[in-house]
Amino acid sequence: MADVNEFREDVIPIKPNPVLEKCIVFKVYKRRWFILFVLCLLNCSNSILWLTFAPVADHSAQFMGVTLDQINWLSMIYMVVAIPLSFGTTWMLDTLGLRITLVLGSWLNMLGAVLRFVGIMRNLPSAANFPVVMGGQTLCALAQPLVIFTPTKLAALWFPEHQRATANMIASMSNPLGILIASIFSPMIVGTTNNIPLLLFIYAVPAAITCLLATVGIRDSAPPTPPSASAESSNSEPFLEGIKLLLRNKAYMILLLCFGSGIAVFTCFSTLLEQIMCVRGYTNDFAGLCGGLFIVFGIVGAGFLGLYVDKTKKFTEVTKVNMSLSALACIAFSVVSQMRNQGIAVAVACSLFGFFGFSIYPVAMELSVECSYPVGEATSAGLIFISGQIQSVIYILLLQGLTKPMAYSPFSTCSVGGDAALSWRVPVLVMAGLFSVFTCCFVIFFHTKYRRLDAEAQAGGKKPTLATCDSTRHHTDNTGR
């Protein structure tokens, strides 16, 4: 019997070639746009569910037989739940990946929307309406960190360097687009308190569609071939080590506190706008219009800023200028919103506040990644969101505590039952003051290098030319070495 070794060819060991190891081909995939589309739908749906009741707070309170403070908690539960859950979400995104996070978020969002609708059905005892609705709202709140941390991660993993800021802008601005939809359509749909069930049913439909698309359509967390040099090391730092690095990063901590304060002010504005304006005789429809202008101009501004920053990479300059102009717009709103018959001035102030304020959110998220690289994108952006949520709870409770009952309010359009209308003059001035203080601190003290861009430039400079790669591959194929 012949020895099997007689039929074996000599095996030539192939040594690692350091030149070929650097010949990395970066590639982009068309399906990145589908994942971005699903994320936009999910982000938009979640923000609609968050702000469902705020534009019609008085009608919602009357329908469910609760107080305005309890209705405010339907929005605040998002912030309360997000604070402890966000740490787990950042770990999940950087460890388990994009797909698992998005699919889980879409299911929580859908189940919460359905439970909210079930909670206001007539066959339930009236005492159970609010607790069941709050339960559904809590499930939606659990989905928010899974969704809102994702834009920076998606942009880093699936998009090339010259499209990252634009992709982040598109995904991030889908959140205020949902706020816009809720601000405009909630007052239109409700009209009278009997239309609250119709409102919750309509808002549950896109949540179900998005859940189906995410579950069936998203197959991978990352592309087979990365689109950029930084995408190869997107998870280079372990989660806990990344937290330690961020806490020792002075520039990041300044951004964390100052921009977190900006997020808190925008949250207060969106949550309390109807209550602030109805006292001065402005209707729910007009408050919804102002909220809509706030978002529309924010989306327009974000579109311009995203394209500008993608070309110039001036993250710091853009953020400082826009935060300063946002503070001025916030001061203007705090003054004109307390005057009667100033609809045009109020609308202009809301538009400018949105154009300069909301538009910097995606830029600031990219800036957080640039100043903290190589910490994972979900971790660096996520902690800023957590800071914003913590400060949002503090600000809303503070502003509510500063309100005072008005002994005489003949022009009020608020539906508050037998309770007296509340004066928001002092709270809105305090809100503007806090925003101005943190903006000044950011402009004066924030300075940073763009670490991710520097790392990509160094990686690009060390890569061999295409001719060298082709020559090395040809030599390896011919020699086997």
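Using N, Cα and C of the backbone, Cβ positions are placed for all residues, glycine too.
Beyond the ends of the transmembrane segment (33-53), by six or more residues, the same chain brings 60, 71, 74-75, 78, 98, 102, 105-106, 109, 112-113, 116, 137, 140-141, 143-144, 147-148, 150-151, 154, 158, 167, 170-172, 174-179, 181-183, 186, 199-200, 203, 206-207, 209-210, 213-214, 217-218, 270-271 to within a C-beta distance below 8 angstroms of the stretch. The annotation transmembrane segment is assigned in TrEMBL to 33-53 (among others).
According to TrEMBL, the transmembrane segment annotation covers 73-93 (among others).
Long-range contacts of the transmembrane segment (100-118) within the same chain: residues 35, 38-39, 42, 45-46, 49, 52, 89, 92-93, 124, 132-133, 135-143, 146-147, 150, 197, 200-201, 203-204, 207-208, 210-211, 213-215, 218, 221, each at least 6 residues beyond the stretch ends and with a Cβ under 8 Å from a Cβ of the stretch. Annotated transmembrane segment per TrEMBL: 100-118 (among others), in sequence order.
The transmembrane segment annotation in TrEMBL covers 170-190 (among others).
Note on the transmembrane segment (196-218): residues 34-35, 38, 41-42, 44-45, 48-49, 52, 56, 59-60, 63-64, 98-99, 102-103, 105-107, 109-110, 112-114, 116-117, 120-121, 182, 185-186, 189-190 of its chain, located 6 or more positions outside it, place their CB under 8 angstroms from a CB of the stretch. Under the heading transmembrane segment, TrEMBL lists 196-218 (among others).
Feature annotation from TrEMBL assigns transmembrane segment to 252-274 (among others).
What TrEMBL records for 286-309 (among others) is transmembrane segment. Using a Cβ-Cβ cut-off under 8 Å and counting only residues 6 or more beyond its ends in the same chain, the transmembrane segment (286-309) has close neighbours at 55, 165-166, 168-170, 172-173, 176-177, 179-180, 183-184, 186-188, 269-270, 273-274, 277-278, 315, 318, 322, 343, 346-347, 350-363, 366.
The transmembrane segment feature in TrEMBL is assigned to 321-338 (among others).
Annotation source TrEMBL lists transmembrane segment at 344-369 (among others). Under 8 Å from some Cβ of the transmembrane segment (344-369) lie the Cβ atoms of residues 151-152, 155-156, 164-165, 168-169, 171-173, 176, 252, 255-256, 259, 262-263, 265-266, 269, 277, 282, 289-291, 293-302, 304-306, 309, 315-316, 318-319, 322-323, 325-326, 329-330, 332-333, 336-337, 377, 380-381, 384, 448, 452, all in the same chain and six or more residues away from its ends.
What TrEMBL lists as transmembrane segment is 422-446 (among others).
At the 8 Å Cβ cutoff, the transmembrane segment (422-446) and the transmembrane segment (73-93) share fewer than 3 close pairs (sequence separation 6 or more) and do not count as touching. Note on the transmembrane segment (252-274): residues 51, 54-58, 72, 75-76, 79, 179, 183, 246, 284, 287-288, 290-291, 294, 319, 323, 326, 330, 333, 353, 357-358, 360-361, 364, 367-368, 371-372, 380, 383-385, 387-392, 394-396, 399, 424, 431, 434-435, 438-439, 441-442, 445-446, 448 of its chain, located 6 or more positions outside it, place their CB under 8 angstroms from a CB of the stretch.
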